[in-house]
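Notes to accompany the following structure.
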């Protein structure tokens, strides 16, 4: 039977619109959305609010208009949801929806829209793997590239095993560093492998187990309930089987602490408010109890921020509450539905969302009869939910870890919504130095995370009526603890067996161990001698004779290396032997192999039948020996052998050829010539004896090791001040092919950067490692004329609003590089770091003796860069430049002028110099025929106070308008009528 329910809500309430910021009620389903090309895809975005919000989208942080995509993308009316009907590869990106109603903006989660792809497996031939029974085996399977990640299903290759016994070893364990709160439950787990299957044994260092301890999972898991502070300490699990006495061990560091203080708040707005805050005094409307204060008779003026502090020996927490007294008429936000269909005997919930301050009293009527109870029950409204869940984190020790969490609740309960965090089931104090909660976005930040911060973190959102929870795991990884119990298991003649116990891994598996040793010869120096796989806890180290060894071990994981372990308590001592090597460099104490160590050095002239001279060097740090020689660069056979009181070294010493001292070379190059002369380069050629490359030539003529040629040159008659030399390796000038049977070699070399337009003398010498030989006969040549170097002492002596007077000095004699023909001037504007275009002065200087010029036609109050170049017949040389600014505009007086020397087709205009004459005022004359409108203008005059006007028509009247070309244009100065002859 179906019952149709008709409802009427009767309330004596005045309704009016209440503005409410938007709330995102439906986010996209997933943070990653994948699509196939051509198939439609939907990204959901629905929000509510008063007034209704307007939606907008962003793609890759840029505004995205769904309507601008060839009708492939549409937005559902009255929603933010967008639908891609035919998605393409270009549609991939990070999308985010925003809802805005003028009273606030709410954002959806970000969505990564990607095209789904799945490549094919690469072809691999069938393989067979053989492994011993009890050993681990990893079968490689490389999945094809895919988006999203595909479920891998690799075909197994042929696998054959051979039974073999194997001692216990670690497969998986709980993290090494554990932190629990008093009253919680401790759980530790160790899984060991081996053949036969190992037994697991548990122990507590320096203590026993309480009767609350139980073992689970065949002894692999240790559990202690109702933890006490005394349960803290070091625990250890050990795996052992009947195959071997070798044990697999794992250590745990367990800490038990009291829980930090909790802080809660309650607030009502029905005439009184209760806030747990003991710090409010001297207000008769505040009434304090042990943990509460009560404010009576609330008024609209009671807006305030109240702060509470709660502390114990573990720290303190702060809380803030903002008291906002509201006065709002009751309003029906969402009325009940007009009809509902439900099955008989089923429960039905009828919603009616209202708002108002103080909270309205809701009265329900059925057929005009007041509903008072019975089968009818009025329920509180609102559903609290988490919308942004915290994600699992894995961080290195010392880094910050940040969990984010946000949610929503019923509109009327939004003021009561509280977000707090729990760790391992216990509420956290989030105002300590390292763990803080941001009450703007309710995120939890753990600064400088340590291993014991690892655990389960739960975000709790509540409004006092209901709550929602979400948890995430934090794993803090650190460098491992150092190994312990490092011992010398066996000390043999030249080997030592070392063993140790692995320390706590701190959530990052150990990759390998490093074994180090020191000796009594150098106790402060530890030498890394062996790297051992993480599956091993023993190592065999090779030793040298006649030394006392101690050892230590370092563990390494992907985070880094542990501190070193304690060194072995015992010493491994080896017996003396004869040295097993001869010196290349001084041999350290560990290489002596016994007492009475010395070097035995034998020196004899090469080719001589004499025994030579033998020296004994007792100081092992000494690596030099002097032997008297009479001839320069003569070869000697030298042999150095190590020995001690036990005997000579067991390795045969090799003879080396060494040469006596070098002397001044007697060799001289021949046939020095020059060709291909330019302004700064010349080609040199010379010949030298081929025997210089042989040992006999080095002994007889070079008197040392043949190193290079030295080219020396200078200006003629200026050798003392201009002498230069350049070294040229003989390898650089050795021809690729030397004619067979030739006793001499001809070399060539290009000399660059020579003085230009200069008479130069040049000679070549031979050098060995220490001396320069006699030079060849000097030759003289003259380089061609080139472009000059920079001018000197450039400055702007006089500045005006439109010109500079420039002065300079010619290039130095050695930089002229030819005959100076004149100077060029160029300029460009300077605006900060920007340079304007480069302009040449309209008339350049062709007088080589001129060292000043006026640069005119510039703008007032402007910064310029002025360049001056010296010029030879080959063009401009290197420029010099200065920067200077023109002055502000200045007033110019009207020039007074007269007409002289009137001829048939010319006359002369002369003006009286004024106060500005000689300060870069440019004068010119404008004139026109009587009755004509167009003015003609003379050329500018800068220096003189007169101007000749030529090219006039005979028997014609002219009007004249002399004027200055300055910062201010001069108007009409005078009119003259002139009749030419």
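Note: Cβ is positioned from N, Cα and C throughout, glycine not excepted.
For 1-17, the entry in TrEMBL reads signal peptide.
Summarising model confidence by region, the domain 'Immunoglobulin' (30-114) averages a pLDDT of 87. Annotation comment: TrEMBL describes 30-114 (among others) as domain 'Immunoglobulin'.
TrEMBL lists 36-104 (among others) with the feature domain 'Immunoglobulin subtype 2'. Mapped onto DSSP helix, strand and coil, the domain 'Immunoglobulin subtype 2' (36-104) counts 6 helix, 31 strand, 32 coil.
The feature domain 'Immunoglobulin' is assigned by TrEMBL to 175-257 (among others). Residue counts for the domain 'Immunoglobulin' (175-257) under DSSP (helix as H, G, I; strand as E, B; rest coil) come to 3 helix, 48 strand, 32 coil.
TrEMBL lists 181-244 (among others) with the feature domain 'Immunoglobulin subtype 2'.
Assigned with DSSP, the residues of the domain 'Immunoglobulin' (337-477) fall into helix, strand and coil as follows: 9 helix, 64 strand, 68 coil. If you look up TrEMBL, you'll see 337-477 (among others) marked as domain 'Immunoglobulin'.
Taken from TrEMBL, the feature domain 'Immunoglobulin subtype 2' applies to 343-466 (among others).
Residues annotated as domain 'Fibronectin type-III' in TrEMBL: 480-562 (among others).
Marked as domain 'Fibronectin type-III' by TrEMBL: 665-773 (among others). Secondary structure of the domain 'Fibronectin type-III' (665-773), assigned with DSSP and counted as helix (H, G, I), strand (E, B) and coil, comes to 16 helix, 46 strand, 47 coil.
For 788-877 (among others), the entry in TrEMBL reads domain 'Fibronectin type-III'. Helix, strand and coil residue tallies for the domain 'Fibronectin type-III' (788-877), in that order: 4 helix, 45 strand, 41 coil [DSSP].
Under the heading domain 'Fibronectin type-III', TrEMBL lists 888-971 (among others).
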Three-state composition of the domain 'Fibronectin type-III' (480-562), taking helix and strand from DSSP:
0 helix, 53 strand, 30 coil
Interface present between the domain 'Immunoglobulin' (175-257) and the domain 'Immunoglobulin' (337-477) (three or more C-beta pairs under 8 A):
yes
